[in-house]
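First comes the structure, then the notes that go with it.
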Amino acid sequence: MKERAKGDRSVDDRYSQWKSLVPVLYDWLANHNLVWPSLSCRWGPQLEQATYKNRQRLYLSEQTDGSVPNTLVIANVEVVKPRVAAAEHISQFNEEARSPFVKKFKTIIHPGEVNRIRELPQNSKIVATHTDSPDVLIWDVEAQPNRHAVLGVQSSRPDLVLTGHKDNAEFALAMSPTEPFVLSGGKDRSVVLWSIQDHISSLSTDTALGKSPSPSINSKQSPKVTGNNDKPMDSPSIDPRGVFQGHDATVEDVTFCPSSAQEFCSVGDDSCLILWDARTGSAPVVKVEKAHNADLHCVDWNPHEVNLILTGSADNTIRMFDRRNLTSGGVGSPVHTFEAHSAAVLCVQWSPDKASVFGSSAEDGILNIWDYEKIGKKQEAVGSKGPSSPPGLFFRHAGHRDKVVDFHWNSSDPWTIVSVSDDGESTGGGGTLQIWRMIDLIYRPEDEVIAELDKFKSHILSCGS
């Protein structure tokens, strides 16, 4: 008990130090208290652009204790533009309060808790979810009716159910950036691939903000009932295009190759990273044994440099692999191992904006931002204390006080990140959602920053005289 109290105190100290630095480190930050934790957070489409802020959809969930139903939440977020917010305002928030920038727009009653949410890149109004069941659920969030979450209410009806797993598939979920393909992994140790192309009748090509017609999802299959939460769902279902076997334990995460819906990779509790190609059959193309020295929790494929793959593990590290040279002596041979977390890594994601930058979040409550181009250069990470920083680390987001279960870079608003923590009893329970953007002086080219600061210095001096 003393040990735990000591741990809580160090978390509180770290948090107080972080909050005091918010006006210096951040261009903008919104803190939103969640009554129920959300295990996933994803950006949806941008709805409108205004002078000082943009409005954008955000997908969240409510993981409840059963007193009210589990839900998939569609929120509207006002994303303040860079260099608009006043420094003193962004640090004046109450941890127990909801943010004025985040408003619930629609509630979908989800059959079972929402473990993961993924949006379709070609049309982010189409969303896939994982729950504690073998099925993947597909939702057209604009067409779904808004529901009131009260005990005993019937679950919302998914627009499509993807079947094919033989056991629960809880976390591993991805949608292809090139075609409407869905990928999933589960406790049955398999990776399953579907195409939902035929079932999305009107993927909108009209990208005009907020004007795209709502797509409808069609299926010619007969309705199927899937048992979940003892509530039947009368939804059309489709079978997989392929089932891929090669893992020896639960598959924890999957991701597509950014340039091909036929190529993908997966990681699991067998410490393996596996690359697959649907065109060559259902066996692994490359199986990397001992990619880490523990379970692998997450994987991401670089959208700009298609040879680079990131993995995160229960061994507290992130590894970067080059797919042209994955193994050495029969085991994983990473290009680099990134070490800064003090607990299991839960999520890794490449920046959509800069090829060498990525984020990682962990059970230690920290979200780290890395740049592999900085490896070998003398540097100090912003937001960390101590004389020297781990190679490649350049920013530590310490605004959460418990495990950071998910985060997502905003592709409509570069360098803006949404992150969510599942808060234990010591930090009040529920969850904390934060939307934040570090100050641009941290990531812009050094010569550019120095030039701007010099200009500012001469302006200050001229004001003084």
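Heads up, the Cβ atoms here are built off N, Cα and C, so glycines get one too.
Feature annotations, reproduced from TrEMBL:
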DOMAIN    13-80  domain 'Histone-binding protein RBBP4-like N-terminal'
REPEAT    172-197  repeat 'WD'
COMPBIAS  205-229  compositional bias 'Polar residues'
REGION    205-244  region 'Disordered'
REPEAT    244-286  repeat 'WD'
REPEAT    289-322  repeat 'WD'
REPEAT    338-373  repeat 'WD'
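Note on the repeat 'WD' (289-322): residues 177, 249, 252-259, 265-269, 271-273, 330-339, 341-350, 352, 354-355, 358, 360, 362, 370, 372 of its chain, located 6 or more positions outside it, place their CB under 8 angstroms from a CB of the stretch. For the repeat 'WD' (244-286), DSSP puts the residue distribution at 3 helix, 24 strand, 16 coil. In terms of DSSP helix, strand and coil, the domain 'Histone-binding protein RBBP4-like N-terminal' (13-80) has 13 helix, 37 strand, 18 coil. Here the repeat 'WD' (289-322) has, by DSSP, the following mix of helix, strand and coil residues: 0 helix, 18 strand, 16 coil. Within the model, the repeat 'WD' (289-322) shows a mean pLDDT value of 98, rounded to a whole number.
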